[in-house]
Amino acid sequence: MSLVLDMALCALILGVGLATVAGHGVFRAVIFFITYGLLLAIGWARLGAYDVALAEAAISAGLTGVLLLAAHGRLRRLRAAEEAPLRPNLPAALVATGIALALGWAWFALPDPTAPDLTAALPQSGVGNPVTAVLLNFRAWDTLLEAIILLAALIGLWMLARDRAWDNPLGLRYHARAGGVMASFGRVLPPIGLIFGIYLVWAGAEMTGGAFQGGTVLAAVCLVSIMADVLPAPRIAQPAWRLALVFGPGVFLLSGVAGAVFAQGFLALPPELAKPAIVTIEAALTLSIAVTLVLLVIGPPDEGGQDA
Amino acid sequence: MTALISWLVLPLFAALAAIALPSRARLPAALLGVGLTVVASIWLTIEVWNTGAVTVSLGGWRPPIGIALRADGLGAALGVMTALVMVAVALAARHELAAKVAGPRIGFGFWPLMLLLWAALNAVYVARDLFNLYVGLELITLTAVALVAISGKAAAIAAALRYLLFALAGSLLYLAGVVLTYAAHGTLDISLLAARTVAPGDALALGLMTAGLLVKTALFPFHVWLPPAHSAAPAPASALLSALVPKASLLILLRIWFEAMPELATPMTQSALASLGALAVIWGGVLALLQSRLKLIVAYSTVAQLGYIFLVFPLAGGDGAAQPWAAGAWTGAIFQMLAHGLAKAAMFLAAGIYIAAIGSDRLGDMRGLARALPMTGFAFALASITLLGLPPSAGFTAKYLMMTAAFASGQWAWALVPAGGGLLAAAYLYRPLSAIFARDTALTPRPIPWAWQTVPLVLAALSVALGLLSSIPFEFLQIGRPEQAAEGL
Amino acid sequence: MNLTVFALTGAALVGLGVYGLIARVHMLRRIMAFNLIGSGLFLFFGAAGARGVGLDPIPQALIITGIVVALSASALAVGLVVALARSSGTACLPDEAGDT
Amino acid sequence: MTTTLPLLLLMTSLLPAAVTFFLAQDSHILRNTLQLGGAVIKLGLIVWMLFAVATGATYEAEFPLAPGLVILLRIDALALLFISLSGALWLLTTIYAIAYFGTKAELSRFFGFFSLCVAATTGLALSGSLISFFIFFELLTLSTWPLVAHKQNKPSLAAAKVYFTYALPGSAALLWAIIWLESATGPVLFTEPPDLSGLDPAALRAIFALFIIGVGVKAALVPLHGWLPAAMAAPAPVSALLHAVAVVKAGAFGVVRIVYDVFGAENMTALGVGVPLAIVASVTIVWGSFRALQQDEIKKRLAFSTVSQVSYIVLGAALASPLAMIGGLVHLVHQGLMKITLFFCAGIYDERAGIKRIEGLNGMGKQMPWTSACFSIGAMGMIGLPPLAGFISKFYLGLGAMEAGAPWVLAVLLASTLLNAAYFLPLLYRLWFLPRAEDARGDERASGLVLPAVVTAAATLGVGLLAASPISPLGWATLIVTQGYGP
Amino acid sequence: MSMMYSGSLAPFAVLMWPLLLGLVPIVPRWRANALRLLPFAPLPALGFAIAGAPGSVEIPDLLLGVQLGTRPDTALLLGMTALVWTVAGWYAAQVMERGQAAGLFASFWCLTLAGNLGVFLAADIVTFYIAFAAVSLAAWPMVIHDRTRAALAAGRVYITLAVVGEAALLSGLMIGAAAAADLQISTVRAAFADAPFGTVGVGLLIAGFGIKAGMVPLHIWLPLAHPAAPVAGSAVLSGAIVKAGLIGMVLLVPEETGWRSMLIVLGLLGAFGAAIWGLSQQNPKAVLAYSTVSQMGLLLVLVGAGSQGVAYAALHHGLAKAALFLCVGMMMLATSAAQRRAVVGLAGLVALSVAGLPLTGGALAKLAGKLGIGEMLSLAITLSSVTTTLVLGWFLICLGRVSAKPQQTPHWGGLFSVVMVLGVLALILPWVLWPGAVDVPRDYVWHPSNMLEGLWPVLAGLGAVALVQRLKLPAYPPGDLLRLFGKHKLRPAFQLPVGNHGARRTKRPALRLLLKVKDAERALLHWPFAGSTLMGLALVLAAFVWIAT
């Protein structure tokens, strides 16, 4: 039964994926893409990877989707949203099929699974969720760099601003109609989201959730608030925003260095201090990730509300 | 170990500081970070020299659970080269990309991007984990793309987007290989992988990773993104992009082919890679010959120069790794990486000075610039010597070691590549040189501060000095080398 | 068996994405295709990580990291596409702009 | 002392070069002092070593670069022969150049590269291993290029380009040959010729050919000579340097090293490469002379004459007989003396009388007697008129040819003599016997220009007159060959 | 270092002295009067020869080891040469125009003289070759001294042949020296027999010497150069310088070689042919030049036949021929009929001697030469007296037609007496030297058959002269073979072909190919292509690895 269910789900995923690639119109493709992300999150849940499912839904489907939608909107205003219909491309089809078949073959050629034995290590990690343990303890270096990547992407994005617009508020001007849906939505949603986000971070230590998932939710809250004019649009020149950006990675780095100074090495967490340390790092990271994601979505400062 | 960690985190801290601090404190913080990181890199080098390769299991978690870092001779040497280039770039950027000159946007963005790139490079140089390498590579890619786009010109945006497209395709291929490797072996640590039992899917994983890394290294025929990208960036950024960025993916290629999966390196694939390298030498050289802008010439020269390094696969890879000539070939390839890094950075910084002086890098406009800017002209000439592989530069040492290995291993045809490539390099570098040193001047240059002019000169001189004093680096590079051949040829 | 379904779906998604990445001209399409490939790979990876006794957390952690990396890259790419459109009026690479 | 001396010798030109680059254009006195000081000190060192080496002393200094890449500086008799020539001529050329340029532009650059060029030549002469030879060979190429291009006008830039176009493939061939050989034999030191027995003769022949192509470009062997006549666009001191002190000499010296210290006469004979090389040299001798005949620019004529004359050295080496070897070696010095005299004079004619073409020489003998006399001595030496230097070389080459059983070489020498006469005698005739053009004015009251020419002309006569004395170049060359050099 | 020299320095000093004098004109103030020194330049050599040429010297450090010394025949010629040069030098000092050009002339005069003396003094081939080169090449400026069109044209032919001769000579010497492994003339000569390519070497030597000695057909420079040169120059050229070639043959051409018979053939050809051709000339100097070719032909016959009297005969010819040339000069200077008569008289006397009129020096020379050379050749030499008489008779006729220059020469008498001394010496000196130079007692001269043998040809010749005087002989300019065989225009200046080194336009398909590369680069840039290739390459690489492992 479950096999049929999974096969149906996979067929659906493939169908929506195909629609994303082959369908007409960029906008529709974006919608398909978001749908695809959500379906995939279900798939992850079917696989039991709830952390991934959450990340997929929040980041891949949610944030990437919002990014693409916003971009599509801007492109439409720039009259660059149209595209040529898909023309069959035989070489591309060949290599695509080749790669897919090769991967498929590789699946069947995989030797017996060997996974590192974490049973001894997990209790030392300070957290109950093994995924969080891996992310923030065993492979904390990856995660640190990952947070830095996010930051780098933001700096890179800012570099796409025009020089004369540098001091402008970030992103396009949104003016929510006073008393409109957005305005009231913007007042109601943030507190709920805030709580949910913080919960995700906290829960991440033991159950599903974590800094990135939580940060995404917080970012969404933040975005809505900005759109609703609850929060003023940030400017690069405002030190608080920049401080918020580097806060998480900074804390992470510092704790790593502290590990080198006080414990057995860089990024080392003594088991007894591991949990509070991880929670602290996660909290700081969440804040920074949220801010970074917000700023990534609203984009570089723009000129006087006009795109052209 | 402390040296290694500080070498890794100092640029990160500096980058964060550069982001967070107000504009007047940004430059001092960045420069302080640069200085401290240089010290750290020298410290690390000394430590590696004294005690051999430095290995660290991060967080105290040994692979396969955690991530290990290992600074061997190769990584540390690249680290020092990177530090030198970074200092030079920082000193040049102080003038060229100051907020007063280049605007507040570049004045803000360049420093964190540069420092983040540095951190990422350092991370890649010592990483032993394939996924960690992927993360490092992505950080490099994103910062590099941002540096391409930083000038804000339409051409730069297009070039950056194209670069990103190619690079992301490469990343995905690499990631696919990583996925297959972990699925098959449950570990991503290079040392552990070296001891694995070969799985059938390893060939596919290796092929995918290699192809992905080739794009990032801009090997022919995937070099096309490089010249527009490197020429569109401001000169200090170009220096970073050309001198350092391709080296990272190249290093990963070396790690995989020589350390993680050496038994999969068969003559046929090695020859295929080297053939692409040879083609790159020719193709890059010919196209450099056809350009009329200095930065494009220099960028195409990067395509050509990177090609040499791929000769290392047939000369020192696979079964050949245990042969007596392998040390020479291996070291020669790395000398080429180091020499090219220094010389190419010098060239781009020199180009930056010219652009600052006359506002153009067209060869026709650059006529006679050596008169007003003799040190820069001299720097460019010295760097050319290295790229040509003329003695006593490090480029020559590299060429010599590789050619010797080619003959010693009986694969003399590969020796044609450095020999012919040098001639091609002479041909394409002759044009800018003759323009710079022409008697008549096309444009009257703006004065350039003396301190700025010395920067490329010092770099270029270093690339020559590396050849003059190559015995110590040679020995250094043997530290932690996968196959310890006692003595080269 | 269930895992095989997901793994093969992942492989097929990679194939789809590769086709889209190469054959589609609009850069937003390519960004989506890029994400499609990435998620396909992750699906494959997740399926592989689930083969053992328990669920291997390391692939999951790597996948989450990968997703964030992909997001970062997508964000920069989207920004570049918009900037390109702003400066050249098209969301396609200059040499392919005529194909629209 | 044994290690510092080679270094010192190198430094006497390298240091002035390094400092000169950074001197201001108008610090003439400092620059000239540096240049002359370096040259004088170097000459002093050389003289000192001449005596030491004659009594059997050797000096050696070694700097390892990378495994197999060792710079070895070693002073042996052959090195000293070359270095004495270049050292002495460097001093004279420096004096000449200082007078020639006066206060013209870009002098720091010029003299910097000038000294660098001599440093490279010194290093080349002192090289005790193939790879050090190559390194200095390249340095020579690089440091000469800016000299050729010095005037920075169209012809000189074109000439510099042509120079590079020839020199770099030559270098590539040389490097190829070195690496090919060394990959089989290990690093080659000139003191101990490598054991070639294990190598395939065909491969050895190919290596030999590559070697000859490599150094042949510098030695201007036909058909690799095209750069030399083009390079006459350079100022006269540079021509002197190219033709007499450094560049072509380096090529010829390289041939000698390769033939005798790398391959050795026995292997040459066994491989059968001596005769082809001799033929190439002969073709060069005749062709160069023939082309010289067709030139009506003085410097071009001299340039083609160099093409021809330098191959005497190659011929001497190729014949693989002791007497021919002596002839070749001594011609290394003799040709330098004669050709530098000629170029000095050509420069004086150009600079002081505006004469570039041979018609301009008409009747200048009376206007510029010293210059013309020196020019005549140089030219007659080139023809091989006794008792001038060229005769001695030619005589030994001829004897060597007979000794080596190659009488056809005599025909080459004969043809060369006739052709030399055919292109030089008309110049002398014009100088001394034709009436001067109405507007021709020459003023040779420039002792800095004339004195070096007089000295080299006197030396041209002197080395011929005192050829048999042990301190003459001939004596030295004989010493080299009898010290177990030749076969 | 060994001794600077061994032996007596006298021969060396004899050589050095003219060289030193030749340096005098370097000083501008002395240049104008340098001519005055010319008669003194050969004096040490003359004294040395008169003293019997005592001593020899070796100077090992000089050149390739200089060895100087004489043997009887070279000593004879050394003396003759010194004498001829002294008298000619005196003549030049008196007659030639002083001035800047004279300084140059004087220098080359001294250099040529040194070379000429050196040829006889040298005992090693290098010194010999150097001396030979000096005497050949330094004479060139003397030939073209007058800068007339004819002189320049003659100079061109002269220098060309001289250089060719030098080159041939050097090659020949090198072949011999290589075989001998020594530089001594006698050793080298002996080595030719067994030398590889020895025959070729001897041939080259003969060519080299033959050019100098006016051997047919290499004599062509001679009739051009003699009339063109100043009188003093012609005198030394004909009297002394040509003997350098002769002594070369004597010293270096070995007996046992086939070349000797060729020498005889060519010598006879010259002896008769040149004498007859001389009749076509109007210029007395040209006639004398052909006579010289003729007389040198005879001497070559003697060399070829191995006669012992070569040097002895050459001595007479040198003195006589120099005197005859100087007579032409005296004639040009003569202003009175008496003077003209005296000149013709002296010339006639000397001419008869050359023709071999019994009891003259010439008759003695011929007798000494004919000793031991066989019947046929003796007869030929006797017969040659007829043609000699004829051509010299024709010379006297031409001499009589010479018109004097308008201006007076103050010392005509003194000058003439010096010339006369030379002429008389030509008549007498053979008598004096006979005992030392010829093995046969001097009474042999008085032998009636010998007297008769000398007389009849002269008488026959005189008859022919009378005949010739009536005939209208064809007149040709000098330069027989050159004009006969070549369409050779005698040009005064060297005009060499100048290569056409214009820029060559080459089509450059390479350039087009390079531009194609640029197009290809654009295709590579196209992402659909690049992306497909990339993915394809990944698969191909994987396949490569898979197949191989």
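Backbone N, Cα and C atoms are what each Cβ position is placed from, and that goes for glycine too.
The domain 'NADH:quinone oxidoreductase/Mrp antiporter transmembrane' annotation in TrEMBL covers E:122-367.
Residues annotated as transmembrane segment in TrEMBL: E:6-27 (among others). Remote same-chain partners of the transmembrane segment (E:6-27), defined as residues 6 or more beyond its termini with a Cβ less than 8 Å from a stretch Cβ, comprise 34, 37, 40-45, 48, 53-59, 66, 68-70, 103-104, 106-111, 113-114, 117-118, 121.
Proximity of distant same-chain residues to the transmembrane segment (E:34-54), defined by a Cβ-Cβ separation under 8 Å and at least 6 residues beyond the stretch ends, is recorded for 8, 10-11, 13-15, 17-18, 21-22, 24-25, 70, 74-76, 78-79, 81-83, 85-87, 89-90, 92-93, 96, 98, 102-103, 105-107, 109-110, 113, 117. Residues annotated as transmembrane segment in TrEMBL: E:34-54 (among others).
Per TrEMBL, transmembrane segment is recorded for E:74-92 (among others).
Per TrEMBL, the feature transmembrane segment maps to E:104-122 (among others).
Here the transmembrane segment (E:128-145) has Cβ contacts under 8 Å with residues 63, 101, 104-105, 108-109, 111-112, 114-119, 121-122, 151-152, 154-155, 158-159, 162-163, 165-166, 169-170, 173, 185, 208, 212, 225, 228-230, 233, 236-237, 241, 244, 248, 251 of the same chain, all six or more residues outside its ends. Residues or ranges marked as transmembrane segment by TrEMBL: E:128-145 (among others).
Here TrEMBL flags E:200-222 (among others) as transmembrane segment. Remote same-chain residues near the transmembrane segment (E:200-222) are listed as 132, 135-136, 154, 157-158, 161-162, 164-176, 192, 237, 241-246, 248-249, 252-254, 257, 259, 262-263, 266-267, 269-270, 273-274, 289, 292-293, 296-297, 299-300, 479-482 (criterion: CB distance under 8 Å, separation of at least six residues from the stretch ends).
What TrEMBL lists as transmembrane segment is E:234-253 (among others).
For the transmembrane segment (E:259-280), the list of distant contacts is 199, 202-203, 206, 210, 214-217, 219, 249, 253, 286-287, 289-291, 293-306, 377, 380-381, 383-384, 387-388, 390-391, 394-395, 468, 473-476, 480: same-chain residues at least six beyond its ends, Cβ to Cβ under 8 Å. Residues or ranges marked as transmembrane segment in TrEMBL: E:259-280 (among others).
Taken from TrEMBL, the feature transmembrane segment applies to E:287-306 (among others). Within the chain, the transmembrane segment (E:287-306) has long-range Cβ neighbours (under 8 A, six or more residues past its boundaries) at 210, 213-216, 219, 222-223, 225-227, 234, 238, 242, 245-246, 249-250, 253, 255, 260-264, 266-275, 277-279, 281, 313-314, 317, 321, 324-325, 328, 354, 369, 372-374, 377, 380-381, 384, 387-388, 391-392, 394-395, 398, 478.
Within its own chain, the transmembrane segment (E:318-335) is flanked in space by residues 77, 80-81, 83-84, 87-88, 91, 95, 226, 231-232, 234-236, 238-240, 243, 284-285, 288, 291-292, 295, 342-344, 346-347, 350-351, 353-354, 361-362, 392, 395, 399, 402, 404-405, 408-409, 412, 415-416, 419, 422-423, 425-426, 429, which lie at least six positions past its ends and keep a Cβ under 8 Å from the stretch. Here TrEMBL flags E:318-335 (among others) as transmembrane segment.
Note on the transmembrane segment (E:342-365): residues 291, 295, 309, 312-313, 315-317, 319-321, 323-324, 327, 330-331, 334, 385, 388-389, 392-393, 395-396, 399-400, 416, 419-420, 423, 426-431, 434, 445, 450-451, 454-455, 457-458, 461 of its chain, located 6 or more positions outside it, place their CB under 8 angstroms from a CB of the stretch. Residues annotated as transmembrane segment in TrEMBL: E:342-365 (among others).
Counting residues 6+ beyond its ends, the transmembrane segment (E:524-548) has no Cβ neighbours under 8 Å in the same chain. According to TrEMBL, the feature transmembrane segment maps to E:524-548 (among others).
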In the same chain, residues at least 6 away from the ends of the transmembrane segment (E:104-122) whose Cβ sits under 8 Å of its Cβ atoms read 11, 14-16, 18-19, 21-26, 34-35, 37-38, 41-42, 45, 67-70, 74-75, 77-78, 81-82, 85, 89, 92, 96, 128, 130-136, 138-142, 145, 185, 236, 240-241, 244, 247-248
What residues elsewhere in the chain lie close to the transmembrane segment (E:234-253), defined as a C-beta under 8 angstroms and at least 6 residues from its ends?
73-74, 77, 80-81, 84-85, 87-88, 91, 112-113, 115-116, 119-120, 125, 128, 131-132, 135-136, 139, 142-143, 169, 172-173, 176, 185, 188-189, 202, 205-206, 208-215, 222, 225-227, 259-260, 263, 285, 288-289, 292, 296, 299-300, 303, 310-311, 314, 317-319, 321-322, 325-326, 328-329
